[in-house]
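Here the structure comes first, spelled out in structure tokens, and everything after it is commentary.
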Amino acid sequence: MLMIPTIAILSGGFSCEREISLMSGKAVKKALDSLSYNAIEIDVDSNIAEKLKKINPGLAFIALHGPYGEDGCIQGLLEILGIKYTHSGVMASAVAINKVMSKHIFRSLNIDTPKGYVISREDVLKNNIKIDYPYVLKPINEGSSIGVYIIFSHEDYLELKDNSSTIMEKMIVEEYIPGIELHTAVLLDEAIGTIEVRPKNKFYDYEAKYTDGFAEHIFPAKIPDNIYKMTLEHALKIHQFLGCKTISRSDFRYNPKNNTLKMLEINTHPGFTELSLVPEIAKLAKGINFNELVKIIIEDSLQHKNIRDLSHVEQYY
């Protein structure tokens, strides 16, 4: 009889995305219960190593987001403890969450990305910004659009300055790309589809991502066929180059006025609630429901023996 391993669902954690992570964890727990897995939810804190040693799970389902969860930290701990885990490994996670590093890699692979640079808090407060309006100011290592500001005018800048406590010591400032918001899902080394998001707010922010009715989703995205194909190619290319595992989501902006596609980032641990984009794309593109998607992730993750294998980079060297 096949032994079903205990699965530890890691959620919560220390980042600004804690609440999102808890939502993801509960959604995964509900799915695993319905699939008859023995699943235990763990709210990650400084005692996580001791908790994991006590439970000794056969697999850790990483439902964490942001720093310590999708940046290679928890992955490194699980490597040391010898526990298999879902999603990408240490290197892919660490590089993907860092928007500066990932943009360098996009360019090295001839994937176009918005122009920008790292800026200090001091320069932001002095309005010493070398990019004209409109521009985007965002954290280097965050997700879920937390701490992202689109500055269309000097009035927007003054409003940002009035809320200066949200400005980090180091951030990225980059050109704003008008047009269409696109998100591409990769599952099991296949780019399965691209969805278009039309937020009711100025952009696809935290509220739009996690509140039903705050954004319109269109699948497949209503863009030219060659651009749609390009989103699939770029998403799969960066997924494979970084050695991402099982699942990822790449984000783009498409400007129909000049027919340009820009890659914004790749997410190795995309949101995993009932409202999240990857589960939606999986359902619409492949007919895979949420429970089935969780099962696919579990089964694929259990098959990986050498999580730290770097052989995927040989073809690019």
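Any Cβ shown, glycine's included, is placed from N, Cα and C.
What Swiss-Prot annotates here:
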- 103-299: domain 'ATP-grasp' (DOMAIN)
- 130-183: ATP binding site (BINDING)
- ASP251, GLU265: Mg(2+) 1 binding site (BINDING)
- GLU265, ASN267: Mg(2+) 2 binding site (BINDING)
What residues, ordered by sequence, lie under 8 A Cβ-to-Cβ from ILE172 (ATP binding site) and sit at least six positions away in the same chain?
LYS99, VAL100, GLY116, TYR117, VAL118, ILE119, VAL136, LEU137, LYS138, PRO139, ILE140
Among SER165, ASN267, all listed as binding-site residues, which has the most CB atoms within 10 Å of its CB?
ASN267
Using DSSP with the three-state reduction, classify ASP251 (Mg(2+) 1 binding site) as helix, strand or coil.
strand
Which of the binding-site residues listed here (LYS130, LEU158, SER165, GLY179, ASN267) have a Cα atom within 10 Å of the Cα of ASP251 (Mg(2+) 1 binding site)?
ASN267
Indicate whether LYS130 (ATP binding site) is helix, strand or coil by DSSP.
coil
Can you give me the Cα-Cα distance between GLU265 (Mg(2+) 1 binding site) and LYS130 (ATP binding site) in Å, rounded to a whole number?
22
What's the CA-CA gap between ILE151 (ATP binding site) and ASN267 (Mg(2+) 2 binding site) in angstrom, rounded?
24
Just going by other Cβ atoms within 10 Å, which of the binding-site residues LEU137, ILE151, LEU158 has the emptiest spot?
LEU158
I need the CA-to-CA distance for SER165 (ATP binding site) versus ASN267 (Mg(2+) 2 binding site), whole Å please.
26
Rounded to an integer, what is the Cα-Cα distance in Å between LYS130 (ATP binding site) and ASN267 (Mg(2+) 2 binding site)?
28
Enumerate same-chain residues with a sequence separation of six or more from GLY179 (ATP binding site) and a Cβ-Cβ distance below 8 A; give 'none' if the list is empty.
ARG253, TYR254, ASN255, PRO256, LYS257
Expressed to the nearest Å, what is the distance separating LEU158 (ATP binding site) and ASN267 (Mg(2+) 2 binding site) at their Cα atoms?
31
Neighbour count, 10 Å Cβ-Cβ cut-off, for GLU265 (Mg(2+) 1 binding site): what number do you get?
19
